[in-house]
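Noted in TrEMBL for the protein shown:
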type     : residues : note
ACT_SITE : Asp91    : active site, nucleophile
BINDING  : Tyr146   : substrate binding site
COMPBIAS : 351-364  : compositional bias 'Polar residues'
COMPBIAS : 365-375  : compositional bias 'Acidic residues'
DOMAIN   : 184-286  : domain 'Pseudouridine synthase I TruA alpha/beta'
REGION   : 1-26     : region 'Disordered'
REGION   : 351-375  : region 'Disordered'
Amino acid sequence: DENGHENKRLKRDADEEDAEDQNKKSPKRKIVLLMAYSGKGYHGMQRNVGSSQFKTIEDDLVSALVQSGCIPENHGEDMKKMSFQRCARTDKGVSAAGQIVSLKVRLIDDILEKINNHLPSHIRILGLKRVTGGFNSKNKCDARTYSYMLPTFAFAHKDHDVQEEVYRLDRETLEKVNKLLACYKGTHNFHNFTSQKGPRDPSAKRYIMEMYCGEPFVREGVEFAVIKVKGQSFMMHQIRKMIGLVIAIVKGYAAESIIERSWGEEKVDVPKAPGLGLVLERVHFEKYNRRFGNDGLHEPLEWTEEEEKIAVFKEQYIYPTIINTEREEKSMANWLNTLSIHDFNSSAVGMQANNKNSKNSSDLEGSDGCDDDSD
């Protein structure tokens, strides 16, 4: 009996020593992971502990981190223990090609391969870099770039009878779209482009660095284009409303002067384009890179070597999902039919009724949420 207990104790001690050795070999380090995912079928990026019926991207990520041995199981239950922080909080249905999360993990061998082995194919970890101990991916991020992919028939004038599959965007209309998108550049008061922010709320002021629509291209017989927007940070629904207003102007529902008017104090009825098509493209760490990128200890947070993997992922998982969902659910076509019920000339009067009417049809897929006040 005594021998049996002794043997068990020795075995337990040996197992504990092995575990300690393993932990010494792979101590915890602060890293960032470059993530790409298709957001369809998920209730956004951020984990909702206790709401397991709403599946999020982080649910699958944390599960893969635990199963691969990067983090202990209790870190999965309490994410603060691994100092976890996502850079941008993408909402329901929204995809990402360049999301960044920071966390402390054990740097095990073949870490990326092991994590990816436990993830579904539509979520991939494409890169990993070591960062400073106090790094926080949300606080250190100084800009975010989103893209919005849409069928170009969205820009066809309301008075023209348009067949969606044969519509092609002409040069003159594309130039008009880009002239309007360029109006957003700089710092403006975007209180009309989100909910629950008054015109005198300082946080409604946002800085947009660039916004433009690229050359159109044909997929599955339908012409699409991609709008890119880079800004310091965005409020909930801001990008979708910025695009929605430009579509309303180009289609002839609203005057160009409405953009300027929307930055004033009066309440302006700004339509919200569908969430389908919105993608977090990349996040920028320019200040961090200047300070630590060339200090000899840390790498700059740039992903030139991963660009090809990002492009392949988009072609394989993100674009086909947007195109197929658009063809099946016609979210853009259905939303365009609601533009006529908006009152682009009035201010606050009668807007609540319009918003009530258009709410169901305009919130089809998701929204852009990026920072603390995006909820």
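Every residue gets a Cβ built from N, Cα and C, even glycine.
Residues of the domain 'Pseudouridine synthase I TruA alpha/beta' (184-286) grouped by DSSP class, helix first, strand second and coil last, total 26 helix, 33 strand, 44 coil. Across all of the domain 'Pseudouridine synthase I TruA alpha/beta' (184-286), the predicted model scores a mean pLDDT of 95. In this structure, the C-alpha atom of Asp91 (active site, nucleophile) lies 13 angstrom from that of Tyr146 (substrate binding site).
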